[in-house]
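As structure tokens, the structure follows; a few thoughts come after it.
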Amino acid sequence: MKIIFVCSGNTCRSPLAESIAKSLLPHDSIASRGLFAVEGQAISKESLELIHKYDLPEPSRAQAFHIDDLDADIILTMTQAHKDLIFSMYGRQSNVFTLNEYVGDTQEIDDPFGGSFDVYEQTYTKIYDLVDKIKFKHE
């Protein structure tokens, strides 16, 4: 199954989700994108520190969301606003969900950009908990 995680810049939330998912869902094809990503930009220092702290696979550098990405089996956005933007750009898509919506949770993933390391760690924990639920949804 091909899963793409989407946030704004593809430097904080979606790369964390990509790394966590690569660890928890090793048989799936995992990627991340940003709706406003600068192609090739490095992920945030704090996100990279968390990836190393938890010994996760490193994500790819920032990549923008493109129409070809709609071919993924599942596209999981960090917020309703990201989902709405994809719909406004490409029309309604049956494979696009917010991450929390997909696993039956209510918490959106706020952007930690500019926050302290603790804020990034809280974001990591939220994303980990939600991505972990994907495992059970696919069993």
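Note: Cβ is positioned from N, Cα and C throughout, glycine not excepted.
A quick note: this is a predicted structure, and the numbers were derived from the prediction, not measured.
Reduced to three states, the DSSP call for C7 (active site, nucleophile) is strand. Per Swiss-Prot, the feature active site, nucleophile maps to C7.
What Swiss-Prot records for R13 is active site, and it gives similarity to another entry as the kind of evidence. Other Cβ atoms within 10 Å of the Cβ of R13 (active site) number 32 in total over all chains. Taken residue by residue with DSSP, R13 (active site) is part of a helix.
DSSP assigns D111 (active site, proton donor) to coil in the three-state reduction, outside any helix or strand. What Swiss-Prot lists as active site, proton donor is D111, and the listing cites similarity to another entry.
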Cβ contacts of D111 (active site, proton donor) (under 8 Å, same chain, 6 or more positions away): C7, S8, C12, R13, M78
